[in-house]
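So that you can see what the record holds, here are the features copied from Swiss-Prot:
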type	residues	note
DISULFID	Cys45-Cys121	disulfide bond
DISULFID	Cys166-Cys217	disulfide bond
REGION	305-327	region 'Disordered'
SIGNAL	1-23	signal peptide
TOPO_DOM	265-327	topological domain 'Cytoplasmic'
Amino acid sequence: MAELPGPFLCGALLGFLCLSGLAVEVKVPTEPLSTPLGKTAELTCTYSTSVGDSFALEWSFVQPGKPISESHPILYFTNGHLYPTGSKSKRVSLLQNPPTVGVATLKLTDVHPSDTGTYLCQVNNPPDFYTNGLGLINLTVLVPPSNPLCSQSGQTSVGGSTALRCSSSEGAPKPVYNWVRLGTFPTPSPGSMVQDEVSGQLILTNLSLTSSGTYRCVATNQMGSASCELTLSVTEPSQGRVAGALIGVLLGVLLLSVAAFCLVRFQKERGKKPKETYGGSDLREDAIAPGISEHTCMRADSSKGFLERPSSASTVTTTKSKLPMVV
């Protein structure tokens, strides 16, 4: 008995399996799919198999940059029933329900930026395991650029360099950036400017007074454009020094004013302290003792050869002591 060649036997076996419905084949588009923000995306998926009681369809989703093993289901069809699940459950459905005639296309309404990623269409129909029943579709939600933010850094004096930056927080595909100068002033020469359309940065070198003006950044992708503006003012270096000196003088005047205020306040507080007073019973060094008259003092002094009157006419004198004399 002649033996059949190996390749012929494999081909015959494959044909038999296909005819008998023992092979599951899933077909999806090879090109990525793009859908504008807010529209409905149709993710086409077809299959070939003999649908039986064990037929099951599953759609799942994985975010960009993550492995397929981290995908999570968004829709099931099994035992004749459809089960949407996950955060997209209210926006997913099947183009044909039940999907039992070879069409398993998924509809996703009101697409969001977070819907961008890879979608997996998987058909299971035990015991049909001969081929891979899995198809992958990459979806990108197209989003126009958001209003960009313009900023500036660096020295803006004559001869200096500065960098103008522009960036949009949203936009898919990623927008490109272009800087233009407004008005009738000439655009800086290419030798004094470097522009990066990807990062949105414009570097201006060797600034001059004519570099002053309003610059506009335009962010653009296939969904639209948005812009922001920035005014650049280039100054003479001396103006910067004068401004610094003026600020220093103002600070010095402020410090002197504070010091003068503190000194006046201190003097006022010091003047409020109470002065010492003398009571009626206090004796002065030049007062005349009770019982001694002014004439007695004069006779005593005359014995020494001179007369001396009290230093003050207001000195109280007593001619007769009211105190008893002790002999």
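Here the Cβ of each residue, glycine as well, is placed from N, Cα and C on the backbone.
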Which whole-number value in Å describes the distance between the Cα atoms of Cys217 (disulfide bond) and Cys45 (disulfide bond)?
42
Alpha-carbon spacing, Cys45 (disulfide bond) to Cys166 (disulfide bond), which is rounded to whole Å:
41
Cα distance (Å, whole number) from Cys166 (disulfide bond) to Cys121 (disulfide bond):
40
Cβ-Cβ under 8 Å from Cys166 (disulfide bond), same chain, 6 or more residues apart: which ones?
Pro148, Leu149, Cys150, Ser151, Tyr177, Trp179, Gly200, Gln201, Leu202, Cys217, Ala219, Cys228
Validating a neighbour-count step here. Other CB atoms within 10 A of the CB of Cys121 (disulfide bond): how many?
25
Which of the three DSSP-derived classes (helix, strand, coil) applies to Cys217 (disulfide bond)?
strand
Taking the Cβ of Cys45 (disulfide bond) as the centre, count every other Cβ atom within 10 Å, in any protein chain shown.
27
